[in-house]
Structure formats: C-alpha cells, structure tokens
Amino acid sequence: MNKLISLLLVCLVAIALVNADCAIDFDSDTVNSVTSSDWSCLAASNDRVIMQVFSGGYGYTSGIASAVQGAQAAGISTIDLYAFLCNQCSGNSPSSSAIQSIVSQLQNDGVSYNMLWIDVEQCDGCWGDLGDNAAFVQEAVETAQNLGVNVGVYSSIGEWSQTVGNLSGLGVDLWYAHYDNNPSFSDSSFYEFGGWTSPTMKQYAGNGNECGVSVDMNFFGSGTCSASTGSGSGSSSGSSSGSSSGSSSGSGSSSGSGSSSGSSSGSGSGSSSSGSGSGSGSSSGSGSSSGSGSGSS
C-alpha cells in the first residue's frame, strides 16, 4: 500500500512539473462563459491564466471579477489580465484615461491580479499613424506603471512594426506570439523587437480546446510545458509570427493578422464579440501563427 501511495505521489509530482510553466489565455466572450467545473479542469494542467479585461470600444469586461474568483477557487496560482486599447476606438483616448478607468474599476470590483498586459496588434479602423500609435501605447504603459500596476506588452514581431513602428525601450515584460507549437524560448528572432532581448511569456498555439473551453496556449518561465493541441494554419519551418487576443473595428469587422519577418506569414483565426478575426498567411507546413480574438470597436 505504501509503495502504491508513493508511486501515485511521484506521478502527481511529474504531472505538476510537466505543466509547471503552462498558461492559457482567452478573450472577453470566453471570460463570461467559463463554469466552475471548467475552471477545475483547466487548473489541472495550467498554472497561469490571462483573461481579457478591456476590449477597445466594447470597454470593460463585465464578468471579469467572477471569472477571477473562479480561477482562484480552482487553484490557478497566477492570474493576469490583458487590455486591447486603440486610439481610433470610442472611449479609448487618451490611453491614460482608459488605463486609469480600468485600474479603478478593478479596484472597485475587488479584483486581484498579477499583471496587466497591453495588447498591441492591428485591426481595421482601430489605429492612426505610427507615431500617434506609438505615443498612445507608451502613454498606456507609463500610466499603468505610475499607478503601481505590474504591466507588460503583448504583441508579435509583425504586429509591433505594423502598429507602432520602431517604438522601443519601454522596459517592461514581453509576452510575444509565435505559433510554432513549441513551448520554449528557442525562437529568439521572433521576440527580439521593440528593444526586447528576452521574453517573459510566449503564445505558441491558438484556437485550442481545453476542457471544452476555447483557449490559446502559452509558455512562461524556464521549466517545462507539454505542447497542447492548438491550431494555426500555415507557416513553414516554424518561421512565421502573428498575434492573437483579437480586435475588431467599430463596424464589427476584426483582424488578428499574422505577419512574418522570415520566409512566410502565419495565419490564425479568432472570434470577436461582433465578428470573426482572421490572419492571412502563406505557405504550408506545421505552423506558427496566431489569432484568438475578442472584439473591440
């Protein structure tokens, strides 16, 4: 009996180590649909979750407080939030006001969280010129820092340059998207942008399904994480990039476009609260792209 118990404990520890650096993320639509039993199931294979708290013109995610409580009750140790803001979206400018509103609402709702990630990616009708976009993102990051929030940036090598040009030196953590289904930081050419030389987290697969919940898969830290089944069409030899978390314009169209600096561009798709986002891509192979989506207007 003692041997059996010891063997069981070893197996449980092994499972915990395999998933020690696994994380999932999902958009505001999914936030409002995850049940307590879903959370219990998700907690068995993930130590971290990132949920969308703000979605452009659609604003604050109303169910975020109960979702965070559900994740905490299930035993997920690290809970992050992400916000998609855009300077052409209603109620988002100046970004300092939007960030102040988000942080204030979270405090009023009694929400405790580890980090707030600023989602930087393209969507139709969401952005102005590169200079204005860069100033908008920098203001958002600096405002969060001034409020004492642990803040980082989510983007990809392609989305970053398309959205904010050569903006660099923000000095915050990077969560990058590269859909190569490889939970590691071995793909340095895909996170060396914006002045970053090392990342905190990688979104390595999208459009996956865990416990009946639509999620994107992420890796963080320096431990191990078994690759989950996500999807992302396109990209050859793992050399494309994209970003996800999704956004849509005020007219209800959305985009989570994948782009590359290498031999191909990845594609992914994501649903938004008013439409579906998709990233375009070329070439074939097992791939890397990105795309979950959530709406912004």
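Each residue, glycine too, has its Cβ placed from N, Cα and C.
Annotated features, as they stand in Swiss-Prot:
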SIGNAL    1-20  signal peptide
DOMAIN    24-235  domain 'Ch-type lysozyme'
ACT_SITE  ASP29  active site
ACT_SITE  ASP119  active site
ACT_SITE  GLU121  active site
CARBOHYD  ASN166  N-linked glycosylation site
REGION    231-296  region 'S-G-S motif repeats'
REGION    231-297  region 'Disordered'
COMPBIAS  234-275  compositional bias 'Low complexity'
COMPBIAS  276-297  compositional bias 'Gly residues'
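Sequence features, as recorded in Swiss-Prot, placed on the structure.
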| residue | record | Cβ within 10 Å |
| --- | --- | --- |
| ASP29 | active site | 21 |
| ASP119 | active site | 26 |
| GLU121 | active site | 32 |
| ASN166 | N-linked glycosylation site | 11 |
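For ASN166 (N-linked glycosylation site) paired with ASP29 (active site), the C-alpha to C-alpha distance reads 32 Å. When the Cα atoms are compared, ASP29 (active site) and ASP119 (active site) turn out to be 16 Å apart.
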